[in-house]
């Protein structure tokens, strides 16, 4: 009869012992108790139970009910009669249902069950337990019994004093039961306080906890387990199977919840990175849009102080405002690359920023900024030079105007006077000589007036900011000069007409007048030259001025002789008058007095050493400027090659196939530290350059480098190091996540670099196709081959940029071997949490997931619209699909 209890290979290895067990009354007692409890654990769901397993199944009604509860299926309608044949018919319906499930019932007939044969009844219940409670337990494709045993061994393996090898002696001390409970619900008991020498307490603790907290009825008796030489295996299996079913659902739900949490965390982090990218991109683009027009504006207020303020603003921009934005740009590019790598590794679609915020858009905007910046400083410095020249010309204009205006005071009144009509002959001749001297003086002033007009014209041509005042003053002087010429001609005509009557002249006065006027004019010119302002930019220019001044000083000896001769004439006049006792009148032929000549001569002699000091001070200044030029050139000629060498070194790192990615990363980190530590040299050069600009130095013949070219090279080095580090990190991340070996990675890099002839870190479609062919891809030269290649291009270049980056190339080469989550896996996990329903509720999500991830799902899941839904039902299927589709962001 025992042979009929198990079909499909159940427990065949234990058959010999089972036959012996048939004769053991303890076996029958234990099975009756265990199987009764097992049946009642299901029958109570239908609101009933059994008291005696051999009596309560005799009419077949509760037997059919038991099968309906545990299978969830409807059996044929039972016969309600109480006759024996009614009972047999009902039992047969139950047995037919069991046989319909593929179980052969050998030697078990309805008559034995109706007659209350306890061993046949127990055999039938065991067959039901095997079919509906144990058969579906499979672990690593083992048989039901082996699968259940392997599950127990794995769950109890971490616990000391447990060694589950079977379903009888391994369970006598109760520790295995307690270990199963603690493994899944550690809060229910403290396993580590239990000992093997107290089996009764261990068993009762496990049975009580299972009944109270796990809804597993007490199917075994602790005393029977302890006192039995070998506990009944079927009873223990039936009871342990209840543990499996109690915990497997929770474990399945936990596994599903963990998978969902993992996927949600990836999406949440990706969305955070997208939002961070959008924010940084918006801020950077806004700053560029705000700054570029300022750099493109090549206008000033046309004054020297205003232009100097603008230069200081540009220095603040270079020192304070641009460097952080350059770091933001590099960080933005690195964040974008990292995000795209994360999306590829998590099987998500590539991220497309909102309109106008692509990395290429930011790069183009940055190039526009640098185009606007290029030459801005040079323009400002040239504008300063122009304005300095204008300021010098304006001062020179005002100085010459003041001299001329001082000379011209009263000249019009004098020329318009008709005093010669009331003079004596001698007075008339004196007036005529005086007028001749004036004409000579007037001619001498012609150059000064022309110089004033020429300076005014140059100020207009250079766009001087106060041209209105300059033009007005120049016009006034020119108009007056024209009037003086006309009046001079009119007065001469009047004197010539009166000369026929009055012809007396004083030779001494006349000679004095003739010699004093040119000398006086020379004195005025000498004074003007000695006070003349100058602007130079080199020591050579100041040396030329000093040489001219030395030549002037050599003429002072002849001038001194001329001065003494002129003063002798004046002395002779007074001597003759004193000798002859006559009253000396003013020289009628000139307005220049001897004392005026003496005063001017003394002033010229005083101005000569003053001019010496001024020229010497300027020489010291130019020597200092020369020192600044050499200082800047010395530093720049060191920094320039250093930057160029490091740019070449950084660019060559990725080309070396003999070094691993970690070696490349370490080298790049070393270059990053070296570059950061070199920053003080750049700052020092910036300070020197600031001193150079403040000294108004515009050219430097000692170096080919300018501060602007060095800044650009420095920024390129910083960007290249940061970009290469990010690329290598992403390659390491891809390699490790995809399980690529170092040899594979080197092969991919070598192939990619071989076809990347221009070292642009990207391949054209033609180069990419050649690269694939070199790696063994068979891409035919026909329509089918073109179709295959276009399919590959849609994967590596989804945005149709017509180039393939190394990341996209590497992702394609490893895509087929990647172990990634899928929408179907996530959907299956949600289905487990939802107990196989096509919808899920907020309550279940909050119960199974961490709070933040539960709320993440609730906020994003659409309402379930199926007819079988309930209020508040959520559609987890569309949500799972959306996780692997286009992001809402």
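Each residue, glycine too, has its Cβ placed from N, Cα and C.
Note that TrEMBL annotation is computational and uncurated.
The range from 207-234, 235-262, 263-290 that TrEMBL describes as coiled coil is residues 263-290. Among the ranges 365-392, 393-420, 421-448, 449-476, the one that TrEMBL lists as coiled coil is 421-448. With a cut-off of 8 Å between Cβ atoms, the residues of this chain six or more beyond the domain 'EF-hand' (784-819) that come close are 337, 340-341, 344-345, 347, 349-350, 352, 727, 730-731, 734-735, 737-740, 745, 748-749, 752, 761-765, 768-769, 771-772, 775. Beyond the ends of the domain 'EF-hand' (743-778), by six or more residues, the same chain brings 651, 654-655, 657, 661, 727, 731, 735, 789, 792-793, 796-797, 802-806, 809-810, 813 to within a C-beta distance below 8 angstroms of the stretch.
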